[in-house]
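According to TrEMBL, the features are:
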COMPBIAS  1-10  compositional bias 'Gly residues'
COMPBIAS  22-31  compositional bias 'Basic and acidic residues'
DOMAIN    44-116  domain 'MIP18 family-like'
REGION    1-38  region 'Disordered'
Amino acid sequence: MVGPGPGGGAPLENANPLIYRRSGERPVTAREEDDELPDSIDDREIFDLIRSINDPEHPLTLEELNVVEQMRVKVNDAESTVAVEFTPTIPHCSMATLIGLSIKVKLLRSLPERFKLDVHITPGTHASEHAVNKQLADKERVAAALENSHLLEVVNQCLSARS
């Protein structure tokens, strides 16, 4: 751990993360604009929802830190499933559960209830991958976490637009 954290608090775990270029905005197609046609949800639409989530430690988005990538989002609209793999910036990142929770909350708030969500760490990229994935897959643990007002405030900060 190196350097002070946000607001001069605890030291940052990854004081100098690599920063990646943001992908361009997706052009809207004529089919998507046609209100008469059903609008299926695809990988890019899910990526667009989660790419701008703020990292809890750095003034950067999850996309800018390469924590989320479009290629790690899988959607099956017909079966109402969404799977998102995310990659913490370091193998012992203590913020992994919070990042996964923020992704899950963003999707829960944005998608129709018919979707089954699977948010998990990219295999082999985190020391506590199994434990974090177990927490994120447990609906009761997620619900209990969101009843914690301090944790909910931190999640909401991750989901808020930066000025």
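Every residue, even glycine, has its Cβ placed from backbone N, Cα and C.
Whatever TrEMBL says is automated annotation, not expert-curated.
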Mean of the pLDDT scores, which run from 0 to 100, over the domain 'MIP18 family-like' (44-116): 96
Helix, strand and coil residues within the domain 'MIP18 family-like' (44-116) as assigned by DSSP: 25 helix, 13 strand, 35 coil
